[in-house]
Amino acid sequence: MSNLQDQLHRPLRDLRISVTDRCNFRCQYCMPEELFGPDFAFLPSEKILSFEEIERLVKIFVSLGVKKVRITGGEPLLRRDLPNLIERIHRIDGVEDIALTTNGTLLKKYANDLAKAGLSRVSVSLDSLNEERFFEMNGHRGKVKTVLEGIEKAAEAGLHVKINMVVQKGVNEQDLVSMAKYFKDKKHILRFIEYMDVGNSNGWKMDDVVSKKEMIEQIHQVFPLKQVEPNYQGEVAKRFQYQNEQGEIGIISSVTESFCSSCSRARISAEGKLYTCLFATDGTDLRELLRTGEDDASIIKCISDVWENRTDRYSDERNEQTMEKRKKTKIEMSHIGG
Ligand code: SAM
Ligand code: SF4
Ligand code: SF4
């Protein structure tokens, strides 16, 4: 086992791979229609890592300590033949867990193939059960009904399903309780995510954040909750169980209670850049190394150097100065996938 550590003694354990920068939604907080319109220049296919290239990188990352791989996007299910990539990753010795983050619109179609290919878990993003509000939030693209059908299909296929809801003040906070009720009854774990200042497109303001404390208060009034221990050290979501019924929720409080000290995640964009933080401004071009014939040893050396020099702790340090410094230069969420 590699004992690679960054400057804050954090190991490298998780790898998030974005397989496309395209999406069939235009969520206001991620790819607003005004900026990602019909003329937007998405990456041409030759600039995107091939499955062979991703497979090679995963093997290299595993040799450096990675155990969990998450596939994301853009919308990852838009990438042709995705189950084939899952199968390739599943065959790699040392990969203990493969997860997928998706908006769920194509899950009904692919759930069985993904499960057969070796996917373990799926996180489905859903911000409201109200068709009108959801339609508004996703840029007039998708229906709640389609996503719910995808969720059920994934569960039937044997995938472990979690639902992620980003909560924005004045936009969908009124849906917290109805979401909690629906997924409690369906026995799926729902995780509420504090709205973050990722990317440069969403005009984020602290006032738009519904804090973990506010979320708990709202739900607790209707369904009393009790906090429980994390499942494992460094678990990102804080866990809460219902006091009077079966089931639990999670809260990802990246803004009001950051967790950089346990962050062991590296991210690779669809074009093959390595980022060591969700709020990074620069990445390291791994595609260039892959395509100029570098051997594994030199790619391992490059990634190790990057990780050993890593000092990122943006959320711990978030304040007006750090936000001003990175204004307009952060990588977009649709490039590295959350
Ligand atoms: N398209 C897929 C999806 O929506 O699940 C995968 C990529 S998407 C960028 C990954 C996750 O990031 C989604 O759950 C989305 O809601 C979340 N996300 C995007 N922008 C965000 C923001 N500003 N704050 C918090 N979460 C955000
Ligand atoms: Fe697409 Fe996901 Fe971003 Fe929404 S959050 S625009 S579904 S990439
Ligand atoms: Fe990790 Fe960066 Fe998020 Fe901190 S801000 S938890 S270092 S991705």
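Cβ atoms are placed via backbone N, Cα and C, with glycine included.
Unlike curated entries, TrEMBL annotations are predicted automatically.
The shown structure was predicted, so the numbers you read here are calculated from the model rather than taken from an experiment.
TrEMBL has this to say about the protein:
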type: BINDING; residues: R16, R70, T101, K162, R265, A266, R267; note: GTP binding site
type: BINDING; residues: C23, C27, C30; note: [4Fe-4S] cluster 1 binding site
type: BINDING; residues: Y29, G74, S125, M196; note: S-adenosyl-L-methionine binding site
type: BINDING; residues: C260, C263, C277; note: [4Fe-4S] cluster 2 binding site
type: DOMAIN; residues: 7-226; note: domain 'Radical SAM core'
type: REGION; residues: 318-338; note: region 'Disordered'
Additional residues surrounding [4Fe-4S] cluster 1, by Cβ distance to the C23, C27, C30 centre under 8 Å: F25, R26, Y29, M31, F36, E75, N103, N138, G139, M333, S334
In sequence order, the binding-site residues (C30, S125, C277) whose C-alpha falls within 10 A of R267 (GTP binding site): C277
Sparsest-packed of the listed binding-site residues (C23, C27, C260, A266) - C-beta count within 10 angstroms: C260
Residue among binding-site residues C30, M196 with least C-beta crowding, 10 angstrom cut-off: M196
Contacting positions for the region 'Disordered' (318-338) when only residues 6+ beyond its ends and CB under 8 Å are counted: 16, 18, 21, 23, 30-31, 36, 72-74, 76, 101, 197-201, 255, 258, 267-270, 275, 278-281, 283
DSSP state at C263 ([4Fe-4S] cluster 2 binding site), helix/strand/coil: coil
Close-lying binding-site residues around ligand 2 among C23, C27, Y29, C30, where CB distance stays under 6 Å: C23, C27, C30
For R70 (GTP binding site): intrachain residues, at least 6 apart, with Cβ closer than 8 Å: D14, L15, R16, I17, I98, A99, L100, T101
DSSP state at C277 ([4Fe-4S] cluster 2 binding site), helix/strand/coil: coil
Among R16, K162, R265, R267, which are binding-site residues, the residue with the most C-beta atoms within 10 angstroms of its C-beta: R267
G74 (S-adenosyl-L-methionine binding site): secondary structure state under DSSP, collapsed to three categories: coil
Length of the line joining the Cα atoms of Y29 (S-adenosyl-L-methionine binding site) and K162 (GTP binding site), in Å: 21
Nearest of the binding-site residues (C23, C30, K162, C263, A266) to G74 (S-adenosyl-L-methionine binding site), judged by Cα-Cα distance: C23
